[in-house]
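Asker: My structure is below; once you've seen it, I'll send some questions.
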Amino acid sequence: QMSANDCQDPPEYWTIHGLWPDKTEECNRTWHFNVTEIKDLLLDMRRFWPDVLHSSQNRTQFWKHEWDKHGTCAATLEVLNSQKKYFGTALDLYKHINLNSCLLNAGIKPSSSYYQMGAIKEALTRFYGVTPKIQCLPPEEGEKAQTIGQIEFCFTKELQLQNCTAELEPESNPLHLDLKLGTEELSVCSDALPTYYPAQVQ
């Protein structure tokens, strides 16, 4: 929605926001992002981890931001200790989780009618065996429904899926969120509100 953005066809499938270690940010400010280190991944990066906020000449800004803020901290794990490993592993986890297929198989797809949050949670928990954290945009003025915006999966240091529980959240900024959609920030979805899963955010 930004005027400088030339993203003509936003993806109509779930994409990656980031891979974030708990409770740490910007661990090594001297370890700069270098896109040539992930040149083998660029096809998948553009498809599954797109930057829909910046114009095409700045399309690597999002990846740079994620590396600077989260990747430099994740790199304390051997399995994530280079830019290629960090981005490559995030892509592998994304493909392994296969959220798009999971929701589709459960009959949960973008629609103009509303879903109950309980039904979405139940489908995800049944499929993955763990409880992810589902985040929404709150209802706009005069609206009754929240809009689903982000689904966060939690992993152990061995990169096994685990429940996303409240005590894992950093106290200062529980959602690590630095991107805003529209003017509202995402927050954990309410179980009580009807939930809108749009084909595209208008």
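Please read every residue number as a count from 1 along the shown chain.
Using the three backbone atoms N, Cα and C, a Cβ is placed for every residue, glycine included.
Dumping what TrEMBL says about this protein:
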| type | residues | note |
| --- | --- | --- |
| ACT_SITE | His17 | active site |
| ACT_SITE | Glu66 | active site |
| ACT_SITE | His70 | active site |
Asker: Near Glu66 (active site), which residues of its chain come within a Cβ-Cβ distance under 8 Å, counting only those 6 or more away in sequence?
Answerer: Gly18, Leu19
Asker: State the Cα to Cα distance, in Å, between His17 (active site) and His70 (active site), rounded to an integer.
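Answerer: Counting only the Cα atoms, the answer is 11 Å.
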Asker: By Cβ count within 10 Å, point out the most packed of the active-site residues listed: His17, His70.
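Answerer: Neighbour-count leader: His70.
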